[in-house]
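For reference, the structure is listed below as structure tokens.
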């Protein structure tokens, strides 16, 4: 299938096989079998593994600390993201063409879950570091208050990141809301058009890669921040473990 063929017009509301000027998305079902099974397999393994982790944590009396709370919330966010990803198969197999508004509906949940998973991992590292640096002060905190504060941080930061994705996606005025796209279609250059036109279209983002709507400088800063914080907490944790190995007061 040529993904760079002519796109449907803005006025075309009902997309049917007879009215399409290009090949339909499911013109080669065989080509979709392997990717579909791979996606099902990855999602299935992830859902089963994370569900078992959450179940053991909920049922086990020895797994109800603050750290395990972060871990089980991380597992639950991964389950939601993996199940939500199956919606892509519906659009691919059934030759469903979606609008940009539907794309946002598909992309908002994975974007939120991915970021809350990152932040929960950071909070888990910070929690373990807090225990080693100030164990007495850590135990003096009310567990409920501590969890409310630490869980609110990932929720708020992830919601803000999802908001950035949504608000920046609305800035692309050249993408009509009523235009329909294939789930794997990219807004790339059309080989039948002029070089100048290709150069213009090549700057457009992928249609339904929701988090690609984030501006590059913001995305890079976000990635560097998460890497530095996570790696820094890990190094601090390892240093304190080595420093306190033979110390009775640690």
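Every residue, even glycine, has its Cβ placed from backbone N, Cα and C.
A TrEMBL annotation is a machine prediction, not a hand-curated record.
The domain 'G-protein coupled receptors family 1 profile' feature in TrEMBL is assigned to 49-250. Look at TrEMBL and you will find 1-21 tagged as region 'Disordered'. TrEMBL lists 29-56, 68-93, 105-123, 144-163, 223-245 with the feature transmembrane segment.
Same-chain residues lying 6+ beyond the ends of the transmembrane segment (29-56) with a Cβ under 8 Å from its Cβ atoms: 1, 63, 71-72, 75-76, 78-79, 82-83, 85-86, 88-89, 92-93. Same-chain residues lying 6 or more positions outside the transmembrane segment (144-163) and placing a CB less than 8 Å from one of its CB atoms are 66, 69-70, 73, 108, 111-113, 115-116, 119-120, 122-123, 126-127, 214, 222.
On the 0 to 100 pLDDT scale, the domain 'G-protein coupled receptors family 1 profile' (49-250) averages 69 in this prediction.
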